[in-house]
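Below: the structure, in structure tokens.
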There are 2 protein chains.
Amino acid sequence: MPTAKSSAKPAGNLLYAQSGGVTAVINATASAVIETARARGIKVLAARNGILGALHEELIDTSKESAAAIAALGHTPGGAFGSCRVKLKSLDADRARYERLLAVLKAHDVRWFLYNGGNDSADTALKVSRLAAEFGYPLTCIGVPKTVDNDLAVTDCCPGFGSAAKYTAVSVREAALDVAAMAETSTKVFVYEAMGRHAGWLAAAAGLAGDGADAAPHLILFPERPFNEADFFAKVKATVERVGYCVVVASEGIQTADGRFVADAGGGKDSFGHTQLGGVASHLAGRVKDALGYKVHWALPDYLQRSARHVASKTDVEQARAVGKAAVEYALKGMNSVMPVIVRTSDSPYRWKIEAAPLDKVANHEKKMPAGFLRKDGYGIAAAARRYLEPLIRGEAPPPYGRDGLPKYVTLKNVAVKPKLPPFEG
Amino acid sequence: MPTAKSSAKPAGNLLYAQSGGVTAVINATASAVIETARARGIKVLAARNGILGALHEELIDTSKESAAAIAALGHTPGGAFGSCRVKLKSLDADRARYERLLAVLKAHDVRWFLYNGGNDSADTALKVSRLAAEFGYPLTCIGVPKTVDNDLAVTDCCPGFGSAAKYTAVSVREAALDVAAMAETSTKVFVYEAMGRHAGWLAAAAGLAGDGADAAPHLILFPERPFNEADFFAKVKATVERVGYCVVVASEGIQTADGRFVADAGGGKDSFGHTQLGGVASHLAGRVKDALGYKVHWALPDYLQRSARHVASKTDVEQARAVGKAAVEYALKGMNSVMPVIVRTSDSPYRWKIEAAPLDKVANHEKKMPAGFLRKDGYGIAAAARRYLEPLIRGEAPPPYGRDGLPKYVTLKNVAVKPKLPPFEG
């Protein structure tokens, strides 16, 4: 019986898993991974709920999905196989789990492991790769970038960010038109809360909504810059008096100079002692109302901003597909412990390509915004930030809509692979 | 010198004003008003900031805008001339202001007054019309419907609602996919807050996002139905245990059986005594966390939901234009004190037409959702609601986008008309 060596089809299966917060385009990456592997005759297994599914041997056989379903996955937000917020510790501290992972991979003849996530996932992929080498198991591990936070090292940007950035800029531009129309007798200050616990990338993207001193958003609050309430109040007041209203965009992660999160300033309880999950925008709106007496409104789009596939950036969708395709190609070439990253070769015209970066350059690093991206007064974005951000939200890639007026998002069958190992308690 | 009588062009100007909360498509109505009037050779003046501009003689000459700008107005959200939240009282109580209004109309030879708003605006238009008759001034007053609240009497639906409804259904469908992907290790309960202080139309529209017992949204809270916290907790718990997560949509206006707004339950202060502008979603999320221990997230789209022109309903845009066009036609025919309303002639296929309704049938009435629109358990929508709502979000009408990835919204020049009267103190 000839072995895989004599055939064009490489031996073994590919395991794909999603990790961390999902995005509007992580499924576009999944779609490209599956389509690229299928074209090479490789079966793709997917882990249910990310690394948890790999640990618990809850695997999905994607070969049961039709080509049409996998194509539709390319325009469906969320995470089609489930994701998780689980970070494995060091090889020593979490040895039992890493060994179980390897046992599951072996049991299902997985020779290529693609982990689609942020810097934690890159770290996990790296460690799985090291353990496989230690055990002499032939495994190629690839990290695939994804995060709306845009905080991965090496890559110029992260798939998922461009679409969330476009959502942010479009939403702020639209809401600002509403506030402008009503300001004479109603809301004078509007606060929009953007995701970004440590880095202000999404808040910065709101800056694309307008340009010029009087264009909304008038004030952007970045986690990179200490929040000074008195200075902020003065800026809000000056803006309302000059423009007639003030649109504020606040990163959820802004902190005061002594390192306290502004979002926690309310103490987490209401006056009855109940948990009060306020957030930054609600807090700032209340403080502005108390201090300046203006009518305020605020918005907290929360998950809407990272799942808004309906207003995805075409650039982002293309990059999400490109990293998925490259990940499979790198894997099949045996390029172990790398991540396909986006390299920008030109701002204008915007040009980019995919290259392989060593996973250890990506793992556990966090990219903050360069200081030169902030406007001098710290409340807006500089020209360098515009040059960087603008291409990332460029182009529209709307999903198909049904007769019912809603986007046609796919739900996969997610057929389970029969487990081969005893259950894992860990 | 021949007078207007000898010409095809009727004598006088048309005044158009926007009132109350703006929408994604009120400018589409304005665009149709101006284009229809221009085609008949009529000059359209617009009041700056609604009725305030009419009182203070702050009028805008729309003839200074290019045809391209007026066309672009058709896909620009917000209120291009400004709106206001000012309700005139009875003719007796507010006599000075009504007389001033009439003086301004006379001074600028306004023979047709189109007031684009909700039931308050219909009432104002009616009273202006009565005063004009009393003074023997030839004026035709038309109310033009608009409100995301969908609570106007007579008309089958209100321009602005369909687009906000589409935004709601799309956003909830997308966010639900995100929650589903993360639920195993992260957020189990997600609460989306919809506008609707008195009627649950927008919350109901969220029900279009899914169908069937396990499809999101799992629970909708309507202002039409008393909120029972214990029952709600039980429903949330049962849903999480059955489905794995629970997506809740709450109308901002839900009340307990004793008539208290749930949004006010936090007392309005945080534990430091600062104003806490929580809202319903934040309150419910905190209560669910305290009572059931689940990880919760919530979203408050606020103005985003009524300004989201990027995801407007084509049906809604067409109806917004149709009422604008009909309003001018009715005005020029001298059909006084009427409103063009949308009459549904068939659910499937969806068919509608515009008819004139007397303003006094619309003014000061509020349309609530029929009881038959709620699911038997009160936490979702019934088939009748789907039949009513679905055609209203049908079709896409995206705005043009620029090379920069953002919708091309227009800012009008808004050239002021020179005042002819002394300033008004009132």
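Glycine is no exception: its Cβ is also placed from the backbone N, Cα and C atoms.
For B:Asp149, the entry in TrEMBL reads active site, proton acceptor. For B:Asp149 (active site, proton acceptor), the same-chain residues that are 6 or more apart in sequence and have a Cβ closer than 8 Å to its Cβ are B:Gly118, B:Cys158, B:Phe161, B:Met195, B:Gly196, B:Arg197, B:His198, B:Ala199, B:Trp201, B:Leu202.
The diphosphate binding site annotation in TrEMBL covers B:Gly21. Within its own chain, B:Gly21 (diphosphate binding site) has B:Ser83, B:Arg85, B:Thr147, B:Val148, B:Arg306 as residues 6 or more apart in sequence whose C-beta sits under 8 angstroms from its own.
Positions annotated as Mg(2+) binding site by TrEMBL: B:Asn119. Sequence-distant contacts of B:Asn119 (Mg(2+) binding site), defined as residues of its own chain at least six apart whose C-beta falls under 8 angstroms from its C-beta, comprise B:Asp151, B:Leu152, B:Ala153, B:Val362, B:Ala363, B:Asn364, B:His365, B:Glu366.
Among the features that TrEMBL reports, substrate binding site is placed at B:Thr147, B:Val148, B:Asp149, B:Met195, B:Gly196, B:Arg197, B:Glu252, B:Tyr303, B:Leu304, B:Gln305, B:Arg306. Counting every protein chain shown, the number of other Cβ atoms lying within 10 Å of the Cβ of B:Gly196 (substrate binding site) is 26. Annotation note: B:Gly196 (substrate binding site) sits in a coil segment as assigned by DSSP.
Annotated domain 'Phosphofructokinase' per TrEMBL: B:16-329, in sequence order.
Here TrEMBL flags B:Asp120 as site 'Important for catalytic activity and substrate specificity'. Sequence-distant neighbours of B:Asp120 (site 'Important for catalytic activity and substrate specificity') (same chain, 6+ residues apart, CB-CB distance under 8 A): B:Ser19, B:Gly20, B:Lys87, B:Asn364. B:Asp120 (site 'Important for catalytic activity and substrate specificity') carries a helical DSSP state (H, G or I).
According to TrEMBL, the site 'Important for catalytic activity' annotation covers B:Lys146. Within the same chain, residues at least 6 positions away in sequence whose Cβ sits under 8 Å from that of B:Lys146 (site 'Important for catalytic activity') are B:Gln18, B:Ser19, B:Gly20, B:Thr23, B:Ile26, B:Thr29, B:Asn116, B:Gly117, B:Gly118, B:Cys158, B:Pro159, B:Gly160, B:Ala320.
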B:Glu252 (substrate binding site): tally of other CB atoms within 10 A of its CB: 23
Sites among the recorded positions B:Asn119, B:Lys146, B:Arg306 close to chain A [C-beta, under 8 Å]: B:Arg306
Listed in sequence order, residues with CB under 8 A of B:Leu304 (substrate binding site) and six or more positions away: B:Tyr167
Largest CA-to-CA spread of substrate binders B:Thr147, B:Val148, B:Asp149, B:Met195, B:Gly196, B:Arg197, B:Glu252, B:Tyr303, B:Leu304, B:Gln305, B:Arg306, angstrom: 17
Number of other Cβ atoms within 10 Å of the Cβ of B:Arg306 (substrate binding site) across all protein chains: 29
B:Thr147 (substrate binding site) in three-state DSSP notation: coil
